[in-house]
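Per TrEMBL, the features are as follows:
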type	residues	note
BINDING	A:Leu12, A:Gly13, A:Cys14, A:Gly15, A:Val16, A:Val17, A:Gly18, A:Ser19	NADP(+) binding site
BINDING	A:Lys107	NADPH binding site
BINDING	A:Glu192	L-homoserine binding site
ACT_SITE	A:Lys207	active site, proton donor
DOMAIN	A:353-426	domain 'ACT'
Protein chains: 2
Amino acid sequence: MMRTRPLKVALLGCGVVGSEVARIMTTHADDLAARIGAPVELAGVAVRRPSKVREGIPQDLVTTDATALVKRGDIDVVVEVIGGIEPARSLITTAFEHGASVVSANKALLAQDGAALHAAADQHGKDLYYEAAVAGAIPLIRPLRESLAGDKVNRVLGIVNGTTNFILDKMDSTGAGYQEALDEATALGYAEADPTADVEGFDAAAKAAILAGIAFHTRVRLDDVYREGMTEVTAADFASAKEMGCTIKLLAICERAEDGRSVTARVHPAMIPLTHPLASVRGAYNAVFVESDASGQLMFYGPGAGGAPTASAVLGDLVAVCRNRLSGTTGPGESAYAALPVEGMGEVVTRYHISLDVADKPGVLAQVATVFAEHGVSIDTVRQQGKDGEASLVVVTHRASDAALGGTVEALRKLDTVRGVASIMRVEGE
Amino acid sequence: MMRTRPLKVALLGCGVVGSEVARIMTTHADDLAARIGAPVELAGVAVRRPSKVREGIPQDLVTTDATALVKRGDIDVVVEVIGGIEPARSLITTAFEHGASVVSANKALLAQDGAALHAAADQHGKDLYYEAAVAGAIPLIRPLRESLAGDKVNRVLGIVNGTTNFILDKMDSTGAGYQEALDEATALGYAEADPTADVEGFDAAAKAAILAGIAFHTRVRLDDVYREGMTEVTAADFASAKEMGCTIKLLAICERAEDGRSVTARVHPAMIPLTHPLASVRGAYNAVFVESDASGQLMFYGPGAGGAPTASAVLGDLVAVCRNRLSGTTGPGESAYAALPVEGMGEVVTRYHISLDVADKPGVLAQVATVFAEHGVSIDTVRQQGKDGEASLVVVTHRASDAALGGTVEALRKLDTVRGVASIMRVEGE
């Protein structure tokens with residue numbers, strides 16, 4: 001049943017991921033043809049620097065005119081691995097208009113303009129697939145969108161940024177401070193020269209927006225995601241976490257409210273118990289927990305970045321999109337029918353670990369405990385350590401809303417006996 | 001774009017899994033309709049005991065005549081959760097003949113007759129999906145078949161039977177013997193009254209056959225899978241494992257040979273290092289490692305059995321099959337183009353942990369070492385413990401073929417100074 005006319009693929013971008021996509025398309029051509037039911041042919045590669053030698057890619061396929069490539073009209077699938085908003089967005093829209101389906105690894109674009117891109121794909125009856133946009137090689141979009149299509153997902157909790165996990169793992173295992181661990185990550189190539197997108201949580205927030213939208217069948221934009229980076233995490237925080245039997249991870253957390261009528265999405269550092277499977281995710285690996293009504297707890301683990309792993313995800317999508325084209329259909333598109341509101345951080349309910357510097361005199365604990373009680377925040381444990389008239393008070397709360405906790409901290413700061421709030425960290429995964 | 005004529009589903013079997021499928025179809029009807037693009041309707045439920053009260057299932061849908069149900073001609077999807085070979089096989093074939101697609105959770109049938117059933121589905125242009133047949137709710141078939149369709153899978157290594165993992169975990173954590181741990185598993189409902197299918201590895205072998213076939217795009221029958229149960233694993237084996245920094249798991253292992261020209265599939269107890277993520281899979285959970293050229297190591301973890309988790313997998317397939325029907329297409333069918341031979345156990349290469357009871361006198365170690373050398377099996381470590389003229393010798397080898405190891409052991413047994421071979425266990429996951 002093999003068709004002999006090949007399906008034509010235009011590759012936009014030929015960096016770390018793109019060059020791996022091209023390499024695998026060549027070396028695994030026979031397997032891809034057998035799995036799709038027709039050969040796939042690399043019809044063009046759009047790059048910025050055409051003079052650079054790219055092993056295995058014939059020079060006559062290389063062009064700097066990406067727009068002309070996607071407008072050719074004979075392209076079946078456009079693979080977009082440029083990244084960033086423009087020109088990727090215009091190129092993808094143009095691709096749909098000219099009859100191509102699209103496979104993208106572009107998390108920033110999907111998080112910002114996913115709805116519009118899906119609408120454009122639908123309008124032209126084309127596919128838009130982007131497994132590679134979240135957690136590299138780890139199958140996550142497809143399991144959420146298809147395997148769990150008959151289930152009700154309530155929570156997605158994961159480590160979706162390898163750079164920050166490398167840094168936090170290093171701080172945890174060596175006692176290093178943030179800057180020292182970042183320097184090592186940079187030296188080893190795990191962090192970019194400007195690490196802002198990773199360490200400030202922008203990258204993870206984009207992934208959280210995509211995951212929340214797919215998991216809850218609703219639209220979640222990048223702006224809906226609460227975001228807190230991990231640059232303020234200190235060696236002292238790790239010491240506190242250890243005392244609690246915890247470690248610290250930068251987590252992306254997407255949750256359905258208990259009444260099911262709204263959702264939240266957030267990225268921030270959090271303590272999680274050492275017994276939680278996410279605690280043992282080392283180095284630059286990613287892992288995502290998914291909790292659903294029927295399936296219970298599932299975990300997906302693997303390399304979250306890198307050329308070859310990301311290319312693996314791109315090629316899985318490429319095979320699916322090519323099959324869809326051969327059978328004249330499209331895969332499941334955007335599913336946003338639930339149209340649930342996305343609540344702000346104030347509505348998030350979790351536990352907190354708060355370190356206070358207080359005066360070491362009688363009555364301080366009673367004062368502090370009263371403030372918590374007045375704000376409806378119930379205390380789980382409290383530990384006081386004093387020396388030389390100064391003391392530190394570590395309070396771990398039961399579950400409370402972020403708004404209630406915020407009010408509590410504001411009131412604590414006003415107490416004469418509270419010299420300062422040394423740290424506040426959420427406690428997750430319990 | 002919602003179609004109003006519902007898709008009709010016939011449910012064959014209404015036990016632990018079937019009743020959950022029916023329940024979720026009712027309680028999540030609106031979500032399923034939105035995700036499929038048309039409502040789904042339970043059109044009939046075939047059972048053995050019609051008099052049993054089944055909450056939420058109208059009595060007029062219940063029938064004992066499964067054949068008549070699948071022959072009705074208006075059924076869109078048959079969900080088969082009866083299990084076993086017959087009548088499941090005939091019913092599925094009849095379903096295809098009468099225009100229905102099939103979702104099955106039947107590992108035994110798929111492992112034995114997968115090729116014939118796929119051929120029947122293809123002949124009639126229908127879908128055959130069976131995510132629930134392997135590892136319950138854990139998405140595994142779809143990731144292997146679709147997400148990794150552009151990659152080359154080299155190894156699938158996993159814990160795919162919850163009953164035996166519960167027993168082995170109990171032996172590991174409490175020092176209990178096999179019988180004691182089995183009794184507890186039975187009392188808690190994790191083991192059936194006749195635990196043979198689980199403890200002798202038949203259940204895991206069926207899953208290994210299915211996984212190997214999909215991972216390597218070739219046909220692997222149940223008979224091709226080497227199978228060794230875990231009833232001989234002793235508390236002493238766990239003590240030996242601990243000394244090596246290992247634990248013992250019943251593993252299903254599917255491997256592509258290093259030259260890529262053949263595959264193997266096997267189920268047996270094995271030592272794995274405590275640092276391996278599979279070592280920390282507790283209780284009745286399942287987890288599967290997948291190693292591929294481009295994606296590297298992925299792990300999928302979750303509940304491997306149970307009514308609701310298995311129903312989650314069935315419903316994910318049901319949504320996919322319904323979508324395919326609405327768009328007049330079918331999903332990826334069997335992919336066995338690679339047609340690789342399945343080698344026997346002799347060709348498997350791994351490491352071994354061997355305990356020998358030997359005479360405690362000079363020259364024994366030299367004799368034993370000579371036998372290993374003569375069979376081309378290289379020794380990694382050896383440890384000797386002696387008392388009262390008797391000694392035990394623990395040898396851990398480097399990688400060697402099962403055939404070479406077998407020859408070594410046979411020769412060792414012939415040595416006068418070797419009183420007995422106390423245990424042989426494979427060492428995996430390094």
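Counting starts with 1 at the first residue shown.
Cβ from N, Cα, C; glycine included.
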Proximal residue to A:Val16 (NADP(+) binding site) among recorded positions A:Lys107, A:Glu192, A:Lys207 (C-alpha distance): A:Glu192
DSSP-derived structure type at A:Lys207 (active site, proton donor), helix or strand or else coil: helix
Structural state of A:Gly13 (NADP(+) binding site), classified by DSSP into three states: coil
For the NADP(+) site built from A:Leu12, A:Gly13, A:Cys14, A:Gly15, A:Val16, A:Val17, A:Gly18, A:Ser19, further residues of that chain with CB within 8 A of the site's CB center: A:Leu11, A:Glu20, A:Val21, A:Ala22, A:Val81, A:Ile82
Secondary structure tally of the domain 'ACT' (A:353-426) (DSSP, helix then strand then coil): 23 helix, 35 strand, 16 coil
Of the recorded positions listed as A:Gly13, A:Gly15, A:Gly18, A:Glu192, A:Lys207, the one whose CA lies nearest the CA of A:Lys107 (NADPH binding site): A:Lys207
Mapped DSSP class for the residue listed as 'L-homoserine binding site', helix or strand or coil: coil
Cβ-based isolation winner (fewest other Cβ atoms within 10 Å) among the binding-site residues A:Gly13, A:Gly15, A:Gly18: A:Gly15
Residue among the binding-site residues A:Leu12, A:Val16 whose Cβ has the most other Cβ atoms within 10 Å: A:Leu12
Between A:Lys207 (active site, proton donor) and A:Cys14 (NADP(+) binding site): CA-CA distance (Å): 23
Between A:Ser19 (NADP(+) binding site) and A:Lys207 (active site, proton donor), the C-alpha gap once rounded to whole angstrom: 23
C-alpha spacing of A:Lys207 (active site, proton donor) relative to A:Leu12 (NADP(+) binding site), in angstrom: 21
